[in-house]
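*Asks:* Have a look at this one.
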Amino acid sequence: MGLELYLDLLSQPCRSIYIFARTNNIPFEFKHVELFKDSVLGAKPAAGSGAEQPRAGASNSEGAGKVSLLKKVPALKDGDFTLAECTAILLYLCRKYSTPDHWYPSDIQKRAKVDEYISWHQANMRANAPKTMWLKVLIPLFTGQPQPSEKLQEVMDGLFASLKHFEERFLQDKAFIIGNEISLADLVAVVELMQPVGVGCDVFEDRPRLLEWRRRVEDAVGRELFFQAHEMILNVKELRNIQIDPQLKEHLAPVFMKMLK
């Protein structure tokens, strides 16, 4: 049995794994899991070359639950071996497939800088960037409530503070986070920042240094692959017109309502 990756490309950790595997020509079977199965995520990304393209169906959703004890994506299955959590999966792929050193350098200090960013990322970038999609798309979709502007402003204020810190501390005047070549840190960062872009909050606007860094990342992984991986998130506002299954809506609406408090 070959490598299987259970992913939903609306998820930024899933996109980082997808881009990394495709960039490094890692052979895998794409198991498309719909986070809001059969109701919200009906659109599929356009077919591309390389790995098998996403396909919907209950088998993949159920399979992900069996692969990951945490019952969430991303999840990896390699023969009898299973693994969850984005960072763990990225590092496993680095090591198993001996990917180029710049992704996770053998130099102990450069590697520590990648670790430093990824640790900081979880409590900073990731604390706010995903909430833009919740507030602008998912909460109105599931609750019928209008977008809470004061909550969105609170989220954007936190995100802008993180972006300032990112530029001044991590990026500085370098091409990439740890120097002249792309690393896992850059990939984890850029997919996170595409989440607000997809819902109309362009965090790269009026930030030329940040925009130039994003373009370098796009070039490093390949612009066609980058935008193919982000096709769903860049069209996420189309979800506003989708009819939600009543049972799913009843189940998830209370969860989203709690986010407004």
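Glycine residues also receive a Cβ, built from the backbone N, Cα and C atoms like all the rest.
The following feature annotations were taken from TrEMBL:
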type	residues	note
DOMAIN	1-101	domain 'GST N-terminal'
DOMAIN	107-248	domain 'GST C-terminal'
*Asks:* Using DSSP, tally how many residues of the domain 'GST C-terminal' (107-248) sit in helix, strand and coil.
*Replies:* 105 helix, 2 strand, 35 coil
*Asks:* Averaged across the domain 'GST N-terminal' (1-101), what pLDDT does the model get? Just tell me the whole number, please.
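*Replies:* Residues in the domain 'GST N-terminal' (1-101) carry a mean pLDDT of 76 in this prediction.
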